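Report on the structure given below.
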């Protein structure tokens, strides 16, 4: 007798159940990790703490003091070794103080697309998902700020002083001397160190991934507290994150690493306000990093045919100076940098006014000097053994006023505080060793060779064959808005030119209308409709913004209409006056060169103020100023 039904193999069924169980567990953990990555869980309600806000780090636990690998992902300041310690600290008061430590749960993440919103009923387990895109909400709702960092606060950091700080050596992690010297120079850049030690960046950081400024703050804090050399592996191991072409274990250029580091810090500052694509170019110049290293170069080109002058501005973070000919000092190199250059031959300049390639004179100057001036001497030329090893003397006090666009006001004076030297063999440019000389906040100079520190005199520093020089202004810039005033002046000049063009068009139409109205009218050249002042005294009006070209056109057109609508009596009086004027000229009673102003006999039927048409030339603009914003 056959059994009815599907035959069941117990071993196959067991394996199937086990497989389904492991698949379910895998899918569960996958969804859990995905949710933890893309959602912020808010449990700040009064119900208590039942979520683990953890992030990887390496500090001591704030509860038991053991080695910790996690931290609170809200404030990013308190660290724990386990979830039990975090729950204990949460219930003992961290729940109330977490907001004061740093970022709260309501702060939008810079990366997460969605977030969890805490339940209004006080039960943290009943948290609900707020299906609102944080990224899209930030871009559409955040209003662009004109000033990202207060300049007055920067001036306080610039004048900050801490004489107790002493230099600390850094261990060489394998061809990392190029990074060690830059980290030493940045660690003794006064406004940057003052900001990291006094205010700090970690609590305000909006990044969920690796942040160079956060790591550099940890580096500065450790260097200020340590008496022994330590390894900067937290930064060296992330060279590819700092610069795409940098690599761990390879010999790299110190100047290139510094450029990457400054650009990375600038990018971090912009991320706090939405990123480089959202922040306007003008506001990008108001970050802390721009206040420290940012300046402005002016490139001026003058046409030799029409004398047309064109100015272009470019943002600068450092100054790369070449060593041409017999230049033996930094001042001579700067003279060559700002010297006039003739554009001719195959390098002719295309003039916008001439619309042709012409011979021109070009000069590059400094429009706005930075607070921290970084000068890189271009010692490397073509070839593997093409390094220029000649000594270039440099002063302790550098006066930058002779190299400014407008001669300077005497305040662009700098003091030397760091020197980077590249040691090589046989003028090789592909290998060598970097050392640096640093001046502390008390004025003492030190020679730092990785982990070795030696006190030196100023004469030893000035005798070196420097590769990079770092100068600090004696006094911070008085204002950071000089570029904006220039742009405002440019816009005002452009507006005047536009108004003049509109006036010319209106004037030509007025002349045509008057001539067509009456052929016996007196001669009128290029009239510009104005109103003569009223004889009765009146209080001076308050200044008002200049009218737009459309308003000017409408006003002048209204004057034309009023002229065209003159009655026959006014026309006859004008004809009679013109006839009398011709008779006087014929009899010799009047000078024929004097133009009779027929408008004197015109009157507005609606007002007692007479209308006067006078000769007025539009302003001619010889300067075409352009602005190049650094991206």
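Note: Cβ is positioned from N, Cα and C throughout, glycine not excepted.
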Candidate ranges 61-98, 99-136 [criterion: Swiss-Prot lists as zinc finger]:
61-98
Within 10 Å of the Cβ of residue 433 (active site, proton acceptor), how many other Cβ atoms can be counted across all chains shown?
17
Taking only the Cα atoms, work out how far residue 177 (active site, nucleophile) lies from residue 433 (active site, proton acceptor), in Å, as a whole number.
7
